[in-house]
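Working notes, structure below.
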Amino acid sequence: MGRGEFLAMKTEENAANLINSDMNEFVAAAKKLVKDVGMLGGVGFGTSVLQWAASIFAIYLLILDRTNWKTKMLTTLLVPYIFFTLPSVIFQFFSGDFGKWIALIAIIVRLFFPKEFPEWLEIPVALILIVVVSPSLIAWTLRESWVGAVICLVIACYLFHEHIKASGGFKNSFTQKNGISNTIGIVALLVYPVWTIFFHIF
């Protein structure tokens with residue numbers, strides 16, 4: 001074998017090695033990309049599920065406080081919590097004409113027929129009014145950011161503290177027949193903001 005043939009074979013071997021190395025790196029990068037996309041998709045799905053759950057539990061607590069199981073919990077704080085956790089599709093629906101009609105009818109009834117306006121409707125109507133009149137900075141920017149999650153976390157922590165105090169201690173809040181329903185609901189309120197803040201930081 002001549003020197004020229006040896007050099008040609010060596011060059012082809014080096015080229016093949018480089019191609020194989022590049023292919024291996026490409027495959028590894030593709031696998032990492034698929035893994036990262038899957039993780040992000042999982043996080044996004046988990047966030048959406050927890051957001052729905054947070055809204056449902058907040059509404060549940062709002063209804064529960066209007067029944068015979070009334071507590072000393074400040075349920076008006078659930079209004080801003082629901083505002084910040086309400087899923088976008090529902091928020092957009094109520095911020096449109098449907099919500100405006102409800103707000104208009106409620107205001108007219110409240111002004112001209114105050115005795116006919118039920119007390120239990122005041123908080124839901126207040127929530128719809130806030131959704132309708134909130135500026136875009138609050139309605140879309142803050143709601144979708146970590147700021148909204150921090151506000152929800154502060155509200156949930158305060159409600160949990162007040163509920164424990166009203167129940168006569170941490171143990172009683174989990175053992176009393178009426179208190180445990182509120183306790184489970186309030187603990188559920190903590191999950192979504194903690195999850196959201198964690199993934200905003202990390």
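Note: Cβ is positioned from N, Cα and C throughout, glycine not excepted.
Per Swiss-Prot, the topological domain holding Leu64 carries a different name from the one holding Glu144, which places them across the membrane from each other.
Sequence-distant neighbours of the transmembrane segment (73-93) (same chain, 6+ residues past either end, Cβ-Cβ under 8 Å): 48, 51-52, 54-55, 58-59, 61-62, 65, 99, 123, 126-127, 130-131, 134, 139, 142-143, 148-149, 151-152, 155-156, 158-159, 162-163, 166, 182, 186, 189, 192. When Cβ-Cβ distances below 8 Å are used as the criterion, the topological domain 'Extracellular' (94-97) is approached by residues 86, 128, 131-132, 134, 139 of the same chain, each at least six residues removed from its ends. Using the rule of three or more Cβ pairs under 8 Å, pairs at least 6 apart in sequence, the transmembrane segment (182-202) is in contact with the transmembrane segment (43-63).
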